[in-house]
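J.: Annotations for this protein, taken from TrEMBL, read as follows:
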- 26-44: transmembrane segment (TRANSMEM)
- 30-430: domain 'Major facilitator superfamily (MFS) profile' (DOMAIN)
- 70-88: transmembrane segment (TRANSMEM)
- 95-115: transmembrane segment (TRANSMEM)
- 156-183: transmembrane segment (TRANSMEM)
- 189-211: transmembrane segment (TRANSMEM)
- 242-261: transmembrane segment (TRANSMEM)
- 281-300: transmembrane segment (TRANSMEM)
- 307-327: transmembrane segment (TRANSMEM)
- 347-365: transmembrane segment (TRANSMEM)
- 372-396: transmembrane segment (TRANSMEM)
- 408-428: transmembrane segment (TRANSMEM)
- 437-467: region 'Disordered' (REGION)
- 451-460: compositional bias 'Polar residues' (COMPBIAS)
Amino acid sequence: MNDNEKQEQSSELLSNKQKSWHNTNVRWVALILACLFQFGSYFSTDYPSVLAEEIKDSFNKDQSDVNLLYTYYSMPNVILPLLGGLFIDAIGIRLAMVGFFAILIVGQFLCYISAVSGNFTIMLIGRLVFGLGGENCVVAQSYIVSKWFFGSELAFALGLNITFARLGSVLGAILLGKTYIWFGDSLSASMFFCLALLILAWVDAIILALLDKYCDKRDKVEAKIEGDKIKLSDIKEFKLDFHLLTLSCLTCYSAFFLFQYNNVEMFKLIYHMNSSQANNVYSIPYYSAALFTPIFGFVIDKFGRRTHLLVLCGGLLVLVNVIFISITCDQQEVCLTAPILGQILNGFYYSLYAAVMWPCVPLCVPERAVGTAFGVVNAVQNIGLTVFPVIVGHLISDETPAAYRHMILFLGSTAIVGLISNIGLWFVDKQNGGKMAKPSLKDNTEVEDLNIQQQESDTPISEPKVD
């Protein structure tokens, strides 16, 4: 919702002489519904990592095949982010949210059928369908939250959404393996659990859509939220800072997520953990993200220093890989110290990077091109999450300790590239006036002025005045 639309809505409400529910405590009900929506979807998203051993046993597959489940999920999202809000504009925000979530259910239903029939190909197709709905579903839900909290506690609302999303990941790691055991080593029971929770979350999404529709009807205001339009012609105007940030996103997220996708099996093999211990250690970064990402976002908005923190994130990611490549467990007893230390640092990195990187995107490009910029960054990120699982799957296909060390070396090299891009971004941003290092401005005027100056001249510009 842009400023003109907000003014139109305010004028309508004044003429109707009633207070919009968007400005009352009803908005917190909408936020709770949105958070439960996120919780349900993320519960099912990462099941291949926490059920890797169970999937391999059920289908007689290896870890490279488990990685393919992530490749198939990310594959459609190489293209979908570039379509921006076209789908949402065409069918409406509420119908888009409910419809895309229905696609998630179809995808998970195929995964359940796969587990029942023992056909791994059906599970791959299910993950592909799940990916078709996943990213668009998150976009639609984010628009709804932005509508209810426009100009008021929006950063907190979106941060709370991240918290519930990662709580869903954590609960999935805890319960899905137990469900498999409780029902007699049944993968289909775990898949059905995911399906049932998605259906409940879909009902929650319908309630949220009805609440939003009734609010608009009560206010006599038409919902006009539109997605940012993607214009590929804008890409040629993007400068070096944007390209470095995109490279950082590709390498840093790929290094983190590929480690998460495969570390449960690595913890069992190299550090001699049982399934419960491995899943608990796997979950540490998500506990951290649930707790700290909103806090980090608030602090960064207040104090800035984004480029400095990006360098810190890159350094932490490299350090994590150094820990896992250098500290091994030779004896046959359980080793917890090194994995827990590494995962705590991974959690700190993941929480901080999410709070730092994404707010930098609008600061790199002209305001009219923000939608294109987010589309490109998301597309490039998903290229990494499509290709890297195939590479890593090949590296660890024989599932030996040496193979997992090769994986760590590869991901560590990827993290080093991310660190170099973050250092480069620090210097480039400093030359361009230090926009990313500044606290959040009271409005976009100074940032827009800086972008205009950058377009008119390639010479360094003076720093904006920050009150």
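Each residue, glycine too, has its Cβ placed from N, Cα and C.
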J.: Mind checking which residues reach the transmembrane segment (189-211)? Cβ under 8 Å, same chain, six or more beyond either end.
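T.: Same-chain contacts beyond the flanks: 26, 29-30, 33-34, 36-37, 39-41, 43-44, 47, 51, 54, 94-95, 97-98, 101-102, 104-105, 108-109, 111-112, 114-115, 141, 144, 172, 175-177, 179-180, 182-183.
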J.: For the transmembrane segment (372-396) against the transmembrane segment (95-115), do we get 3 or more Cβ-Cβ pairs below 8 Å once near-sequence pairs (under 6 apart) are dropped?
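T.: No, the stretches stay apart by this measure.
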J.: Count, for each of 95-115, 242-261, 281-300, 347-365, the Cβ pairs lying under 8 Å from the transmembrane segment (307-327), and report the range with the highest count.
T.: 347-365
J.: May I ask for the residues of the chain that lie six or more residues beyond the transmembrane segment (347-365) and have a Cβ under 8 Å from a Cβ within it?
T.: 162, 234, 237-239, 241-242, 245, 248-249, 252-253, 256, 284-289, 291-293, 296-297, 300-301, 306-307, 309-310, 312-313, 316-317, 320, 372-374, 377, 435-436, 440, 447, 451
J.: Cβ pairs under 8 Å only, please: of the recorded stretches 26-44, 242-261, 281-300, 408-428, which one is richest in them relative to the transmembrane segment (156-183)?
T.: 281-300
J.: Counting only residues 6+ away from its ends, which parts of the chain sit with a Cβ under 8 Å from the transmembrane segment (408-428)?
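T.: Residues packing against the transmembrane segment (408-428) from afar: 240-241, 244-245, 247-248, 251-252, 254-255, 258-259, 307-308, 310-311, 313-315, 317-318, 320-322, 324-325, 388, 391-392, 395, 436.
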